[in-house]
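To start, the structure under review is shown below, and the notes come after it.
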Amino acid sequence: MRIIMHRLAFGCLLVLGSLLVAASANSSPVIGVLTQEVYTDGLISRHFENKTSYIAASYVKYLEGAGARVVPIWIGRNRSYYEDLMHKINGVLLPGGATWFNQSNGYADAGEHLIQLAVQLNDNGTFMPVWGTCLGMELLVYKLANGTDHRISCRASGMALPIVFKEDYKQSRLFNASREDVVAVMVANNVTYHYHQFCYTEADFVRDKLNQSWRVVSLNNDLDGVEFISTMEHLKYPFYGVQFHPEKPLYEFVRSSIPHSAAAVLSGQYLADFFVNEARRSPQTFANETEQARMLIYNYKPEYTSILGSSYVQQYLFNNKEMQLEEVGSEGGDDGDDSPSYYPGNAYGNGNGAAALLSIGSGPLLVLLAMGLFSIDF
Ligand SMILES: *[C@@H]1O[C@H](CO)[C@@H](O)[C@H](O)[C@H]1NC(C)=O
Ligand SMILES: *[C@@H]1O[C@H](CO)[C@@H](O)[C@H](O)[C@H]1NC(C)=O
Ligand SMILES: *[C@@H]1O[C@H](CO)[C@@H](O)[C@H](O)[C@H]1NC(C)=O
Ligand SMILES: *[C@@H]1O[C@H](CO)[C@@H](O)[C@H](O)[C@H]1NC(C)=O
Ligand SMILES: *[C@@H]1O[C@H](CO)[C@@H](O)[C@H](O)[C@H]1NC(C)=O
Ligand SMILES: *[C@@H]1O[C@H](CO)[C@@H](O)[C@H](O)[C@H]1NC(C)=O
Ligand SMILES: *[C@@H]1O[C@H](CO)[C@@H](O)[C@H](O)[C@H]1NC(C)=O
Ligand SMILES: *[C@@H]1O[C@H](CO)[C@@H](O)[C@H](O)[C@H]1NC(C)=O
Ligand SMILES: *[C@@H]1O[C@H](CO)[C@@H](O)[C@H](O)[C@H]1NC(C)=O
């Protein structure tokens, strides 16, 4: 009897041992999250002096909640900064938000460096996953299409929808290993939160041959019934895009339209777990513990911004000194949070469409929006 128990214990140790060896590749990956320019006359500028970039804290929590640590990636730096960092981190998350793609020294320029470097790293044999959420997914497609904008306008601001998988979704890396019960929850409930005014369609992907590089995994319809791509993955690189916000059901409590059901949380967590597992496959490390410690997001404290009217509960806010920038252009961009209409007191039960958000927005923002110059794709 004792012998059998010993054998069992030994067997368990062996199994555990092999798991640990597999995990030791990189069990706690470090993922870079791109910062984004703060709108010059926006809510953040009004409440915080000299802050020029931000990260919505929900993206940080999203990755941390799956076992990763986060390093902020600064906008406005030169190529060698991005090149150096991209040889140390294990993945990149391009968050949603509201900014132009053609504004210099901001989110889109930094994103271009990161995407180009991720392509090179993967081509050179170093696994480097990239995740784009909402505007981040739009940027990923835009940059890999060599700067041709294939987006169309769509009306999807403040909607919770199920995941509508394509027939062959099981062939995707994202879902080939997913459990049937998890998939069942995703298709039967309003688990994805959409807040975007642009989107990509499958028809455009076929017409412009983007379907040769991207697999469309799921589709949804906007308020006007227009079908758009809601989940995609690159066929060659470990690049993933979701038009919706998996981090919001878990970590943002600013609009009543954001679903917080067990189903929505499970779905968001599935995607976080998937991406962080991808990052675990990356072998890269910082030069040493000290260098890593100095770069981690723990060096900064998030602010409680929804209480000021922001559509993010908490944000990390950075000034040029923190980003080691001498001077950053003040051409604009936006924290996307100009509406004072989302105080905790009236957030719930308020209309949640784009109109409600923009009705009290600042003049310049409205003009820019009317001119269609940038995306509000939180
Ligand atoms: C903002 O920048 C100005 C000019 O450099 C400086 O005088 C001021 O102390 C800064 N404020 C904060 C809160 O850092
Ligand atoms: C890039 O910027 C850093 C400072 O952030 C500077 O030390 C370095 O010389 C710059 N490199 C190039 C190629 O301009
Ligand atoms: C950005 O693009 C729009 C047209 O889409 C153009 O009107 C605007 O001037 C551009 N902004 C910059 C900073 O180049
Ligand atoms: C990829 O390899 C090429 C050729 O060796 C090299 O020039 C380039 O810097 C590498 N890219 C990265 C991001 O390491
Ligand atoms: C973008 O440019 C690269 C390099 O020139 C080329 O290999 C690729 O096919 C282009 N992609 C698209 C979608 O045009
Ligand atoms: C899912 O796809 C990946 C990449 O193609 C592959 O390595 C993995 O074995 C697949 N998993 C399952 C369960 O089919
Ligand atoms: C999902 O949302 C739509 C639109 O609000 C609603 O009609 C539908 O009943 C919801 N479905 C579920 C399963 O909650
Ligand atoms: C892209 O779509 C076209 C039209 O449906 C199809 O003929 C082609 O095979 C697709 N390409 C890929 C790589 O899926
Ligand atoms: C850690 O790495 C950095 C960057 O390469 C280097 O400057 C520093 O001296 C190293 N520190 C230690 C304790 O090795």
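Including glycine, each Cβ sits where the backbone N, Cα and C put it.
Taken verbatim from TrEMBL:
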| type | residues | note |
| --- | --- | --- |
| ACT_SITE | Cys134 | active site, nucleophile |
| ACT_SITE | His245 | active site, proton donor |
| ACT_SITE | His245 | active site |
| SIGNAL | 1-25 | signal peptide |
| TRANSMEM | 354-376 | transmembrane segment |
Separation of alpha carbons, Cys134 (active site, nucleophile) and the residue listed as 'active site, proton donor' (Å): 7
His245 (active site, proton donor): tally of other CB atoms within 10 A of its CB: 27
Assigned element (helix, strand, coil) containing Cys134 (active site, nucleophile), judged by DSSP: coil
For Cys134 (active site, nucleophile), the number of other Cβ atoms found within 10 Å of its own Cβ: 29
Secondary structure of His245 (active site, proton donor) (DSSP, helix/strand/coil): coil
